[in-house]
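Worksheet: one structure, shown below.
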């Protein structure tokens with residue numbers, strides 16, 4: 001019975017996910033097919049609370065690990081096997097490694113040439129120029145300086161070049177040396193800064209690389225923190241919100257079922273139980289309760305013997321999660337039940353549903369499962385992509 005309900009729920013989830021596209025969160029947009037497959041073959045269907053992992057009582061953890069495969073790091077939090085990823089600390093953008101280089105004279109001139117504005121459209125770096133010294137940097141009380149010497153010092157400009165792509169520290173050093181930089185600063189986010197000859201203190205202490213994905217993530221986290229928002233929810237908050245969500249959608253299901261049934265049975269006198277309208281009404285009701293069952297399973301909590309909360313269940317209000325599709329099933333079914341009171345042909349959406357459900361199950365679950373590349377093919381593909389990324393960085 002549980003297996004049947006799981007198939008029904010996953011089928012309707014795949015169907016209504018087309019009508020209600022959602023945003024990516026917890027990597028579930030990527031993990032949907034793989035997680036669905038692992039749930040169907042019961043590789044990830046055991047209790048995986050922190051207490052189970054600490055006590056080595058997780059009976060399916062190894063099977064779940066192998067089933068998720070190369071998507072384990074992205075999808076383990078979706079099934080409760082690991083904790084949600086901790087956001088990158090924004091202070092990481094300020095941490096860096098510096099080193100002086102010893103460029104030849106012609107190489108110093110090369111750096112000045114390649115950093116001169118305007119840059120070519122296909123340049124792999126961006127240039128920042130700022131005064132090396134403030135006007136009063138060398139001023140000492142009671143000491144006279146020649147005006148010409150002071151002006152020559154304060155008119156020096158520091159030029160730095162930020163490579164657009166993220167690089168390893170070895171690649172950063174090699175790239176800056178080939179450009180003729182006198183030093184370089186490599187940030188722990190992967191951003192690489194090549195520093196010119198007239199700069200002091202190894203250039204700018206902030207990573208400003210344009211296409212470095214880690215830097216974009218840091219900027220998003222900084223903006224979120226500036227707005228005073230929490231990056232993660234507490235387990236107790238998730239439990240409370242899940243309980244409220246389950247109650248709301250259960251009442252919505254009862255409302256759609258009650259209104260349609262009372263109108264058809266008591267008001268219009270449509271008593272025949274085997275008419276097409278009644279059959280489709282039964283199908284929509286099964287879809288609603290299957291979605292509720294799926295939501296309840298995902299929100300299942302785990303407590304210790306002392307009553308402490310160990311696992312809060314999956315957050316049902318997570319954008320892009322399976323819970324979003326389950327809620328869409330309930331909402332859509334309730335709307336159709338109400339509209340079918342006015343005009344019965346609205347049930348036609350449920351007539352075409354099985355065909356589209358089969359298509360979505362095949363595309364998102366079965367086809368990736370049956371036609372997944374072998375282990376050797378997967379290794380060769382990863383090696384090819386890795387070499388391709390290396391070539392792009394060297395260009």
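Quick reminder: no glycine exception, Cβ is built from N, Cα and C everywhere.
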Transmembrane segment per TrEMBL - which of 248-267, 308-327: 248-267
Which listed span TrEMBL calls transmembrane segment, if the choices are 216-236, 279-299: 279-299
The domain 'Tsg C-terminal' (92-212) [mean pLDDT, rounded to integer]: 79
